[in-house]
């Protein structure tokens, strides 16, 4: 918590105006000798109007349960707002030198949540660091921080989460990655300058293992992933950080993401140095965009009054659960509504058990006409399909970013991917199984989820689900089918659509721990 006893004493002696100006900040963050940096004039964030806004530092300060954002690394709470971001994976070759430089030179470079929330305090390049389990062990840190999946590493769980290990990039195979630097800025030039500085500081104490450059897509596609859909709308509101909860946004305890905070299921057993850190799941997910587009073009939904192109757009929207604008199909079932999609006060405000077009005879446990049970956003956030006590423990904060170039003309013409592109997936959680692993293995890749529906084989998530790479059936994608040559239509919500292949393929990743600044200091001193 950020408020000290002295803060509350001040309440009785200062006016409100004086208090806002003079409130002391209680933090566990260690002192840092920062070299003065040039001031920014533009934010390093993108800010699509459809996405929730970040709070100001002043707004966080006013919260009764405010988090210690001076001590929390900047990437954990901000979500999917980076313009450009580099993931630099490394191994530690000389632990003693690395820890010495970590304390003296790297710690002052680490960007806090406080710094990232204002353009005036953002560095030219934001820097975060996280360590794998083998990385912590290599640095002499052997404490049990309460996560068996973190200890096992992602490679050992590849088949558990539906991956095919033969398709993994060799860099992620095994446990040789010890850590990752996350560098975010407006330009790759600024990122490369900061990376060169870090490499100069650490010298031969580290070895580069892998790197992946991510970037927001250009122009009107900013904020959209490579299939074209606006991403990042359904982030949870974090108590102690989020000052304005939007309609439909779920407020949850910070301990779902930050170790040792309220709501952390292992709050009492975490070592003190791990408090306010978070487990970072990284995944390199290739997206086969030309093939996805061709599939939609080949299988347009045959809906009265709709062209084939519109039918293809509807199929894609029903697979995702949102139109490309971000408008949810549950609220706009048959056509896109860009105004709705851009309105953060409406685009997330719905519940699957409340009909968008109210009908007393409609019970959405048995009706997927408006939104398929297996749609991507319903699989990962089944609002109303489950009780809050069943769903809320599995929230994650996504901090992903696209990577790779736009689809080339040659790829579009041939409907064949020739250039690697996709999503650098990042999620933060305080328990890897409750977060990423549960979502991927129990919900996304489970043909029977959402449980309790009439259809016993709903299918895997049509976007990121997998059954070993082969074809899989998804029910509910086509709500109407023609019944005769006069093109009469009837409801058939259980009609299966066969998806011939995976359009998203994992090439591996790793589990990391992103410590607080005080945690980084403790690791350096271990």
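Numbers run from 1 along the shown chain.
Here the Cβ of each residue, glycine as well, is placed from N, Cα and C on the backbone.
Quick look at what Swiss-Prot lists:
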SIGNAL    1-21  signal peptide
CARBOHYD  186  N-linked glycosylation site
ACT_SITE  231  active site, proton acceptor
CARBOHYD  367  N-linked glycosylation site
BINDING   376  heme binding site
CARBOHYD  473  N-linked glycosylation site
CARBOHYD  484  N-linked glycosylation site
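The Cβ of residue 231 (active site, proton acceptor) lies under 8 Å from the Cβ of 80, 223, 224, 225, 400, each on the same chain and at least six residues away in sequence. With a cut-off of 8 Å between CB atoms and residues at least 6 apart in sequence, the same chain places 457, 459, 496, 497, 498, 499 near residue 473 (N-linked glycosylation site), listed in sequence order. Classification of the residue listed as 'heme binding site' by DSSP places it within a helix. Between residue 367 (N-linked glycosylation site) and residue 376 (heme binding site), the C-alpha separation comes to 17 Å. Rounded to a whole value, the Cα-Cα separation of residue 376 (heme binding site) and residue 186 (N-linked glycosylation site) is 30 Å.
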